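As C-alpha cells, the structure follows; a few thoughts come after it.
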Amino acid sequence: MSLVAQVDRATPSAFGRGRRPGELTGVASLGLGVGVLWLSLLVLLPIAAIVSTAFEDGLAGFWDAVTDPEALSAIRFTVGAALLVTVINAVVGTLIAWVLVRDDFPGKRILEVVIDIPFALPTIVAGLVLITLYGPSGPFGINLVGTRAGVVLALLFVTLPFVVRSVQPVLIDADREVEQAAASLGASGFTIFRRVILPTVTPAVVSGAALSFARALGEFGSVILISANLIGKTQVSSSYILKMIESQETVSAAAVATLLLAVAVVVLVVLDVVQRRTARRG
Amino acid sequence: MNQSAGHSGSAEAQSGIVVRGVHRSFGDFVALEDIDLEVKPGGLTALLGPSGGGKSTLLRIIAGLDYPDRGAVEIGGRDATFLPPQRRSVGFVFQHYAAFKHLTTARNVAFGLEIRKRPRAEVHDRVAELLELVHLEQFADRLPSQLSGGQRQRMALARALAVQPEVLLLDEPFGALDAKVRKELRDWLRRLHDEVHVTTLFVTHDQEEALEVADEIVVISQGRIEQVGSPAQLYDHPANEFVMSFLGPVTRLGGVLVRPHDIEVLTDERAGAVQVEVTKLLRVGYEVRAETRAQDGSTPWVQLTRAQVAELDLAEGATVWLRPLVATPFPAGSPRAPEPVPA
C-alpha cells in the first residue's frame, strides 16, 4: 500500500540565485579577505616566526633544545597536568552546568556569578589567593606550595568556567520532550543520560575541554607562585620558556613553544575525533 | 503481549484507559477539575478543546509525564496513577516530534527495543516492519534533520509503536505541520489505526481533525469535560452552547444558536421566520456567506451554495426571511456561555 507516498517530499529545492555553489559575492569575498588577513597577522605570522626560530639551528638544534632534561621534564609535567585538568573539567564542568540549568536552589544566581570569577580575576591575583589559602600559613594547614597538586589546583581554578559556560546553553536549549520520549520508551534515568543527553552535550563538553586544555598548557600567572618553580618537579613550560628568553636562548624557548603548539594541535584533533564518534554512537 | 507486527489479525486483549476524579492545578490555575473519563479499548479517541483547556495535561498525566493532585489513572485495568512513564506501556507522540537528533530513522525506531535488550536480529526485523508500516523504508539511514515534518512525525509514531504499547497517546500530533500535510497525515492515521488496533487517544484543538479521524470525541474546556460522544452525536446533538460553537460554525437567529447551513432563506414572510436585510454576500470557495441584519440589531449569517443564491436572486440590500431548519438541541441559555469562535 502506498498510503503516504505522496507525503514524501523532503528534498528542499536548490537555492537557485543564478550562482554556482562555491562562488562568492562581492561582500562575501571582502569578508573572507578581511578574515584571512586578520588571522594571518594575529595568528599565522607569529606562529610562523616561532616555528622558524625553533629550527634556526636546524633539526638537530631543535631536538637538542626539547630533549634538554629540564625542558623535557617541564613539558611532560605541563602536558600531563593540562590533560588531567581537562578530564576533571569535562566531568565536573558538565555536572555544574547541569545543576545550574536543571536544578533550582537558593543562591543559584550567586553561583552563576561565582563561576565567572576565574575569568575576571587577573591570574597572578588568583595565584596569590591560592598561596594564601594553601601556603605554609594557610588557614587549612595544607601546604601545596611547590607541589604538583598545587599546580593542578591553580590550573583547575583558572579553567573552571570553560566547560560550564560551553555546556550550559546547550542544556538550556535541550528539548526536555526528547528525554520524556525516551522515558516513555522505557529508558531509565541513566540510559537517558548516556544515550540521549550525552550525545547532545558532547560537542559542547569537548569544545569547552579543548579550551581549558589550551589554557592550562600555556598558563603562567596563577601557577608561578604556588609552583615555586622547582626544576624537574613543578616547573611548567611557560616558566621554562621565560627562563630561556631571559637567558637569551631564544631557540630553546621557540623550540619548546613549537612542541607545545604541536601537542595542542594533536590534542584538539583527537578531541574532535572523539566528539564525532560519541555524537554518532548514541 | 504477543502482537507480532502491529498489523491486524493478531488480535490481543486491548487495554482501555480509565481516569477517575483526576484533579490537577498549577498554582492558582486549575488545569483539570475532577475529570472522569473512560476510553474504550481499541478505539481512536480525540481529546478536543481550546488551547489551555487542560487536554494536554490530561494526556501527560495518563502517560506519567505529569501527576494528578488527586484521582487515579488505570491503564488496561491496572492502577497506573503513580507508575513512572517507563512502566506504563504507553507510546507517546509529541507535537514537535521529540526525535533523537543524533540517531538515524532506523535507530530512532529501534531505541525502545535496544533498551529492552532484544536480540539484534529481532530488532532489525521489527524496525524494518515498522518503517514499512509508516512508509519510511527508504529513509532508514537518514537523520531526523534530513526528514520533512510529516516524515519525522511518522518516525516518532513508529518509534512509539515499536515497543508494542498498550495505549498510544498523541499530543497535537499534526499541530506543527502545514495544512496539506496535516490533512494527508490525518487520513493516514485513520488508516493506520485500522491496521494496528491499539487504543489511541489524541489531543487536538482542531475540530475538523477530531470529526474526521476519531471514533469518539471528548470535548474538554476549562479543565472540565463538556461532552463525550461520536462525531455525529456531538455535531447533531451538542450538550450545550460551548460544544455546539466549538464543533462548527454557529450564528444567532432570533435568540437561538443555529448552524448557518441549517437556515432556510425565504423570500416571503412565514411563521417562525425572522425578517432581515442582506448586508453582504461573500464568496468563499464553493460557498457563499450571506451576512444579514435583523430588526433587533442582531447579525445572523447564512451559509449558502452559489446555486441557492442564484435561485433566490439574492443581492445585497434585499429583504428576506430566515428560519432555522433544525431545532436547537439544548434548552436556550444552557449552562456554559459560548466563547466566541471565529467562523
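Keep in mind that glycine also has a Cβ here, set from the backbone N, Cα and C atoms.
Lifted from TrEMBL, the feature list:
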| type | residues | note |
| --- | --- | --- |
| TRANSMEM | A:27-55 | transmembrane segment |
| TRANSMEM | A:75-101 | transmembrane segment |
| DOMAIN | A:75-271 | domain 'ABC transmembrane type-1' |
| TRANSMEM | A:113-134 | transmembrane segment |
| TRANSMEM | A:140-164 | transmembrane segment |
| TRANSMEM | A:204-231 | transmembrane segment |
| TRANSMEM | A:251-274 | transmembrane segment |
Quick one: find which recorded stretch in A:27-55, A:113-134, A:140-164, A:251-274 has the most Cβ pairs under 8 Å with the transmembrane segment (A:75-101).
-> A:140-164
Counting Cβ pairs closer than 8 Å to the transmembrane segment (A:27-55), the top stretch among A:113-134, A:140-164, A:204-231, A:251-274 is A:251-274
Against which stretches of its own chain does the transmembrane segment (A:113-134) lie, if we need a Cβ under 8 Å and a gap of at least six residues from its ends?
-> 96, 100, 140, 142-145, 150, 153-154, 157-161, 164-165, 219-226
